[in-house]
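This report concerns only the one structure given below.
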Amino acid sequence: MAAEIPRPQTRKPVLLSKIEGFQDVVNTAVIIPKEDGVISVSQDRTIRVWLKRDSGQYWPSVYHTMPVACSCMSFNPETRRISVGLENGTVSEFVLSEDYNQMTPARTYQAHQSGVTVVLFVLEMEWVLSTGQDKSFTWHCSESGQQLGTYRTTAWVSGLQFDVETRHAFVGDHSGQVTILKLEQDNCSLVTTFKGHTGNVTALSWDPVQRVLFSGSSDHSIIMWDIGGRKGTAIELQGHNDKVQGLCYAPHTRQLISCGSDGGIVIWNMDVRRQETPEWLDSDSCQKCEQPFFWNFKQMWDSKKIGLRQHHCRKCGQAVCGKCSSKRSTIPLMGFEFEVRVCDSCHDSITDEERAPTATFHDSKHSIIHMQYEPTRGWLLTSGTDKVIKLWDMTPVVS
């Protein structure tokens, strides 16, 4: 009897561990590099350092309760400094001992009038950057504790990245706008603003090598902004069914990892020649069959025809009626990993090769509110609305 040939297994992330026991959601958590450990800050007011024991379980070696809920955190492994943003607008800093069994208070910054949304410690500049619900972006000197500057934003800020080489801060807000600021020691200047999302910006990821910024939004989309190319290229990626909650670019494999409230972990291949989505064209009648749209009363009267609803082909951008765009297709090189409306002529022109997926989709089995990728081991951390932290080995899919 001939031996059965085993079917190749679909590559997917491997769940390594779950960390439970929180009274409320974990707003931010990070994997400690070179350690079997995790640091978490939670809505339940706790800062916890989790170390893996001989049993294989993670147990808290540090359990510290703050006066109010912890909204965000930044951890610097070199200095073992934790910067924690709180819902009362302050940023509290702590230093962890070498064995991660003790945490010593270092400094408190009165940074904002209301809750801190993002905090970022920049070792090279000795700056603590933070954004708040008070629509402000501030930066402090971590040595003196002095506030160096502040910038008022148009809306509540929900995303922040910093480029050390150019001192550019990328600030994403709830209006869907991204602002680029040039920071100096005691002032900042507005470089530019751009907007491509219809919802609020929920996540940012900056690649300093290719000088590309990725933004995720509550509109379910991701946009790749080519900052360094100076051509204003913006590539759209559609692969989530709910808001994008986290982004991380892996430069060594040229892959983007995105996580969303839909529980999806999506791995995007960015080592392909992607295309910009076309601008949607305006027309009073279908650009294929010339039937009038329902607001075009003159043509409706002249031709004695009922007006039709307007749609747009996602591949060519033309305004078309439902009859001329009855088919659906994926267009992965344009970022459409799900089937979208295309006109009949574009549908016929799309080859099987052009339909080949450029992303893989994986289910985390919890609604993700935060993610962090640790590239040296290829581990991914996700925290969800179920108050659980999950640790994943991503090496089967990020390679």
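Keep in mind that glycine also has a Cβ here, set from the backbone N, Cα and C atoms.
Sequence annotations record features per position, and here TrEMBL assigns repeat 'WD' to 19-50 (among others). Under 8 Å from some Cβ of the repeat 'WD' (19-50) lie the Cβ atoms of residues 58-73, 75, 77, 82, 84, 94, 96, 100-101, 103, 369-370, 372, 374, 376-377, 379, 381, 383-385, 387-391, all in the same chain and six or more residues away from its ends.
With DSSP classes pooled into helix, strand and coil, the tally for the repeat 'WD' (194-227) is 0 helix, 21 strand, 13 coil. Residues annotated as repeat 'WD' in TrEMBL: 194-227 (among others).
Annotation comment: TrEMBL describes 237-271 (among others) as repeat 'WD'. Mean predicted confidence for the repeat 'WD' (237-271): the pLDDT average there is 95.
Each residue in the domain 'FYVE-type' (280-351) gets a DSSP state, and the totals come to 19 helix, 20 strand, 33 coil. Under the heading domain 'FYVE-type', TrEMBL lists 280-351.
What TrEMBL records for 361-394 (among others) is repeat 'WD'. For the repeat 'WD' (361-394), the list of distant contacts is 12-20, 22-31, 33-34, 38, 40, 239, 242, 245-246, 248, 250, 252, 257, 259-267, 337: same-chain residues at least six beyond its ends, Cβ to Cβ under 8 Å.
Sequence-distant contacts of the repeat 'WD' (237-271) (same chain, six or more residues past either end, CB-CB distance under 8 Å): 13, 199, 202-207, 209-210, 212, 214-224, 335-338, 340, 358-373, 375, 380, 382, 384-385, 392, 394, 397-399.
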